[in-house]
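The FAD binding site feature in TrEMBL is assigned to B:Ala55, B:Glu76, B:Leu84, B:Val120, B:Trp414, B:Gly421, B:Val422, B:Ile423. Annotation comment: TrEMBL describes B:Gln191, B:Gly192, B:Asn193, B:Val194, B:Arg235, B:Arg236, B:Glu247, B:Gly421 as NADP(+) binding site.
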Amino acid sequence: MAGTSSSKAKEKREMVTVNFIDRDGDKMTVNAKVGDSLLDVAKDNDVDLEGACEGTLSCSTCHLIFKPDEMETLKLDEPSDEELDMLDLAYGLEDTSRLGCQIMVAKTFEGITVSVPKAHRDIRDL
Amino acid sequence: MWITLRRSLVLHKAITGSVQAGHGRWSAVLRWFSVSCGTNQTDRPHVGIVGSGPAGFYTAQQILKSHGDAVVDVYERLPVPFGLARFGIAPDHPETKNCINQFTTTALSNRCSFIGNVNVGKDVKLDELLQAYDAVILCYGAEDDRTFGIPGEHLQGVYSARAFVGWYNGLPANSNLEPDVSAETAVILGQGNVTLDVARILLSPIERLEKTDICEHALEVLKKSQVQTVYIVGRRGPLQVSFTIKELREMTKLEGCKAVFDPVDFRTIQDKLPSIPRPRKRLTELMCKTALDESTSQNASIKKWSLKFQRSPLQLLAEAGGEKISRVRFEVNDLVEQSDGSVQAYGTGVHEDLPCGLVFRSIGYKSIPIDDRVPFDRRKGVIPNINGRVVITSSTDESGKDVSLIPGLYCSGWVRNGPIGVIATTMNDAFQTGELVVQDIKSGTIKTTGPTKGFELIGSLLHSRGVKPVFFDQWRKIDQIEQERGSELGKPREKIISVQEMLDIAYKQNGS
Ligand SMILES: Cc1cc2nc3c(=O)[nH]c(=O)nc-3n(C[C@H](O)[C@H](O)[C@H](O)COP(=O)(O)OP(=O)(O)OC[C@H]3O[C@@H](n4cnc5c(N)ncnc54)[C@H](O)[C@@H]3O)c2cc1C
Ligand SMILES: NC(=O)c1ccc[n+]([C@@H]2O[C@H](COP(=O)([O-])OP(=O)(O)OC[C@H]3O[C@@H](n4cnc5c(N)ncnc54)[C@H](OP(=O)(O)O)[C@@H]3O)[C@@H](O)[C@H]2O)c1
Ligand code: FES
């Protein structure tokens, strides 16, 4: 999978700091290589983000939520139809939801915070 | 500790019939050893999981992660793991099956064992598992399917989608289905994602399927298929379809095949689009676009598929005196919005016949009780539970308030929620159940069982009953042979469909 290879080109790549809020609401600050996907970053740093289909746009388990103001300044590329299709199935969908496997870390990501959506218990059970 | 380890080794050998421990066998033994060295084996919480599908493996994953000492044994009826990730997910969706890589990582953990070829309820009773394990989690999915209960459902040429899926995906129980695909027109009843899987397999160019892990026996039959037209019929309207957008988009792009929807069904709906919330909105937009936009129709298509709405089947009919399906009689429905906002179909008394030579019933899977000790809600087709803790509900009180917990018994996945939800849904459910079990272990809610635990106890029971389990290293031999056979055919895998052949490979001694 991308992100685990240690080619020289990658070694030299710039690093930024990214914060993840995990399923339990705990914050983790990790180093992220520019050019890696947020799913790769999460996997490399033991952040609990599943990525069941390994980044092939077939599962939505890499769903991440950006902060609205940060999303605004990051000026990410618009999601493709295929990403939107998968997001439609994601738990706890928000306006700033994206799939972690589709978002590549850029220099501008320094200091941003993204959240793994909290797993919802079915209301019927409560 | 040593006694425990020695007993385990003897047992493992007795069960696998292994004289010389091969490489794979040794790794299992070493895993056992390293686990035994850490803490006294009997001090560890032992968790038994029934079913090795996504629910079973994701629940196991969560328990291993949240409890650093717990040992998890995953029991499976078949000699091979992964449930619907192997036998359900369509062959042309290999990406979706990538979850199997993570399940493999879990199974290779030194605190996890896959124990295949054990039919819980028959080979070992639930009570026995409850005695041997601190917690038992039922993740056995949905092994049956819903029927209409209308005349003609058993005519020739009428199949359950579940059996058809099992057939093309190599499920041993369905490998002899041999569906008759000599008709030009097929009807699929129900509008969920399984329906779209069946339609796609029926309509795909054979060259597209040849490169997948679809079974050779299915390819041979599908090569001769005469099916040109597939009608997908639902009892409610376009706003109530159950399939999802990715699968619909794939169907609209299918090579050599054209989606022909009736514009009448969509004109009024188009006006409502702005008020429909996502995700239904994007799905409906795509249906409207397909129905109303001339430019989306592919040229040179011979095959076509179509959505039909507000039709409930009343009867499946054969030609006079015959046994083979020739048409479906529908009743046209009116849709009525209920006070809770849901929309229900009511028959109008108007009937309509649709001629066809092949029918699939695709209205959902259904769970079954596997052991008389498992409480089962037959109406909902699920194991009654609160947050995944299995409960017995008093028959006098349907409100669910008068319930008693069965200590140490849990459920997750389709058998808990009913046969709905994609891998992501099942995963979330499994993570929650796994977390709950660990909480109950840590809080002492679960009482620890006696000194002889887990597979030590169950393994000797199985041995005394002549049941020989298949462990993960033995599955890997089957896996390797399947991949080798696949590569000879230019496919990722050619599945072995005979249980006996699976067992022969699993038990074969290295070098013999
Ligand atoms: C045809 C089809 C296609 C699908 N395609 C997709 C898709 O493309 N993408 C997606 O996200 N989701 C898909 N799904 C949904 C997905 O497969 C389910 O969400 C998931 O498999 C449910 O997991 P489970 O573990 O509850 O059940 P299952 O996967 O059914 O696993 C249950 C396991 O329990 C075992 N078992 C049963 N009885 C016993 C017993 N008595 N003792 C021991 N073991 C037993 C079974 O053999 C099986 O291995 C599909 C479903 C179907 C039916
Ligand atoms: N590619 C994928 O992601 C994929 C592939 C396959 C399956 N899956 C998932 O697996 C789950 C199961 O899929 P499924 O297709 O079996 O089930 P489903 O999504 O629940 O669809 C069942 C269909 O049958 C209809 N139906 C039920 N009872 C009926 C009756 N008595 N008369 C007429 N119609 C009836 C339903 O209509 P009503 O709505 O009117 O009840 C619905 O259209 C779903 O969550 C699905 O998303 C996913
Ligand atoms: S990892 Fe599956 S969609 Fe991103």
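Keep in mind that glycine also has a Cβ here, set from the backbone N, Cα and C atoms.
Per the record's binding annotation for NADP(+), residues B:Gln191, B:Gly192, B:Asn193, B:Val194, B:Arg235, B:Arg236, B:Glu247, B:Gly421 show a top Cα-Cα distance of 20 Å. Not a single one of the binding-site residues among B:Gln191, B:Gly192, B:Arg235, B:Arg236, B:Glu247 has a C-beta coming within less than 6 Å of an atom of ligand 1. In sequence order, B:Ile423 are the binding-site residues among B:Glu76, B:Asn193, B:Glu247, B:Trp414, B:Gly421, B:Ile423 whose C-beta falls under 8 Å from a C-beta of chain A. Mapped onto three states, the DSSP output places B:Val422 (FAD binding site) in coil.
Here the binding-site residues are B:Gln191, B:Asn193; the one with the fewest Cβ atoms within 10 Å of its Cβ is B:Asn193. Most buried of the binding-site residues B:Gly192, B:Gly421, judged by other Cβ atoms within 10 Å, is B:Gly192. Counted over all residue pairs in B:Ala55, B:Glu76, B:Leu84, B:Val120, B:Trp414, B:Gly421, B:Val422, B:Ile423, the record's binders of FAD, the longest Cα to Cα distance measures 25 angstrom.
Proximity of B:Arg235 (NADP(+) binding site) to non-local residues of its own chain (separation of 6 or more, Cβ distance below 8 Å) is seen for B:Gln310, B:Arg311, B:Ser312, B:Asn333, B:Ala345, given in sequence order. Neighbour counts were taken as the number of other C-beta atoms within 10 angstroms of each residue's C-beta; across the binding-site residues B:Glu76, B:Glu247, the minimum falls on B:Glu247.
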